[in-house]
2 protein chains.
Amino acid sequence: MYVEIVTIDLGARSYPIEIGGGGLSTLGERAGIGLAQALIVSNTTVGPLYAPKLRAALTQRHSHVRILELPDGEEYKTWSTLQLIFDELLKHGCDRKTVLYALGGGVIGDMTGFAAACYMRGVPFVQVPTTLLAQVDSSVGGKTAINHPLGKNMIGAFYQPQLVVCDLDTLNTLPARELAAGLAEVIKYGPIADMELFAWLEAHMDALVARERGALAHVVKRSCEIKAAVVGADEREAGLRAILNFGHTFGHAIEAGMGYGVWLHGEGVAAGMVMAAHLSQRLGLVDGSFVERLTRLIERAGLPTRGPVLDAQDNAGRYLELMRVDKKAEGGEIRFVLIDGPGKAVMRSAPDALVREVIDQCCAS
Amino acid sequence: MYVEIVTIDLGARSYPIEIGGGGLSTLGERAGIGLAQALIVSNTTVGPLYAPKLRAALTQRHSHVRILELPDGEEYKTWSTLQLIFDELLKHGCDRKTVLYALGGGVIGDMTGFAAACYMRGVPFVQVPTTLLAQVDSSVGGKTAINHPLGKNMIGAFYQPQLVVCDLDTLNTLPARELAAGLAEVIKYGPIADMELFAWLEAHMDALVARERGALAHVVKRSCEIKAAVVGADEREAGLRAILNFGHTFGHAIEAGMGYGVWLHGEGVAAGMVMAAHLSQRLGLVDGSFVERLTRLIERAGLPTRGPVLDAQDNAGRYLELMRVDKKAEGGEIRFVLIDGPGKAVMRSAPDALVREVIDQCCAS
């Protein structure tokens, strides 16, 4: 079994990310995880595929291992679904040492992590991401949250897992649309931090879409390394960490405007990155050839390069309204993550008129 | 204006507790608090008395100051009430720099603190406790939470305020029953940490019940000092901090068993301390004269010294069942805070049979 380790360096809260095949079957053997009760939180799609295997692996370690399957989808990333986790824990008298395992994609990871942060004011948890998006992004770095009807990820916590296990075997069962959504977050790391990775993606996008193991292992590892460096420098998003939201301000508006779950998070980010790139160009930060390269790569990943029309009367106005409630808007001003030359991100506000032009240009008519 | 300062020493998260008269009217002048929007969270009882005054004081500092009044009572310490805070914040586009002010008792402080911990993964907040219980205990130390139908304070966070302002003037409007409930937490500090305070209380209980300013100032300050020392040594309740739960294991069972809000928290703690003292005596840790002294002091504060009958068939069984789901029960074993000689607390489990005897002895028939 081939395993790579990337470490998130946060002092007493440091933890390893394991990347390789078969990690799920050996999870009971990890040191440093408690021996009390365990609850595997999954969903009705991933649970039947992998939860019994994970439970079998954990039974040697924990006194009791239970499985809870939540409904599947971003639209269930709500308080009432979270409540099902608390109900299950309390029904079985689970104490403060109970270990939660998040088995699934970003939604399961975000909800399980937030439940772990809040249950009895904090219990340990382990991330076992089974989607590419969760492996390269959401399971790493301790951001947990649920959605509010008025905004995505508005209620949450910074709460670090004890371990992240990226079992590449689980990507075999991932639907193509979800694989593509994960590639959006991989592509993201290029423009903001690493144009070498970007060039590598241009050369290997076909291998990735074909799920070649070596190509997937490379992008998961490289993505986690970049994310680890950013999170290690700025755990609570006081500054630098915000660059990881490249494409997300537009993307969140798309997700919220369409209704959560209609567009996948990665799809919103994909179209959002194109918009942010165009905005960067209009502000004179990058030239058109870069915007073209990015758009082409996103397209090859099977992702949307144009945003949806959210309002037939005033589409740009609707985008602006949704973006203003986003966390990046401080004092009513929208802060965009823009590209200040390929490989370097910058936080900037922009005149509304310019943003409107970009939205008009980048949305499907 | 006479103000005493007690500091909670938690490194980068340190903060002052101000104790004195008139603090509420001058709160806009404090350094170190942000200048963005502010939301005063209060309830329908305290809000009409003090929120306009606090808003007037804050208007010079913050760009907008809004007031949100929640329904009053422990039974509203729920997710659905918490949601009202998030709705208000999102409706007005409040960003990450928004400052929350908790104006009220323990319920308001716990809920506002938890809302601050979760809103956009954390915004600053200030505690302005207006009950004795909140001033001497719950507003200090960063424990925030809401209740779950299956247990009190089960969902929450450790999240420190930026400042605590104990304005003694607000105690003038406190109902006598609430004042007594606060005295329960003051009395608590004696047996677990400071028998000098205990003797002082024996000498000055009448002055406290009569709300003499000097007496109140003394107990608020001394209580905060003891709590500050304990919290500074063990912020996340890994060990020592649990001693602050003297009387609380029985007390939480009373509150939950009667239905939240029927008994005040301090009333449950009062009867719970008598039970815990009896249990300590049966385990040979203290003698009967101490139990008698404690019971007498609690009685003089106007507090219950006997627990309610929660189940006519098997009262002790019901208490045990409720206590097992409490956070202090780990691996199914109930850990009691007991008195190991007056002035010193110890964590111990006890045989069920002995606990049953104590409950039978200490409950109203």
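Any Cβ shown, glycine's included, is placed from N, Cα and C.
All annotation found in TrEMBL is predicted automatically rather than curated by experts.
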Same Zn(2+) site per TrEMBL - residue from B:His204, B:His248 joining B:Glu185, B:His265: B:His248
Shell list (Zn(2+); ref centroid = CB of B:Glu185, B:His248, B:His265; cutoff 8 A): B:Leu133, B:Asp137, B:Ser138, B:Ala184, B:Lys188, B:Gly247, B:Gly251, B:Gly266, B:Gly268, B:Val269, B:Gly272
Integer mean pLDDT for the domain '3-dehydroquinate synthase N-terminal' (B:68-180): 95
Integer Å distance between the CA atoms belonging to B:Asp72 (NAD(+) binding site) and B:His265 (Zn(2+) binding site): 14
Other C-beta atoms that fall within 10 angstroms of the C-beta of B:His265 (Zn(2+) binding site): 27
Cα separation, B:Gly106 (NAD(+) binding site) to B:His248 (Zn(2+) binding site) (Å, whole number): 15
B:Glu185 (Zn(2+) binding site) and B:Thr173 (NAD(+) binding site), Cα-Cα, nearest whole angstrom: 19
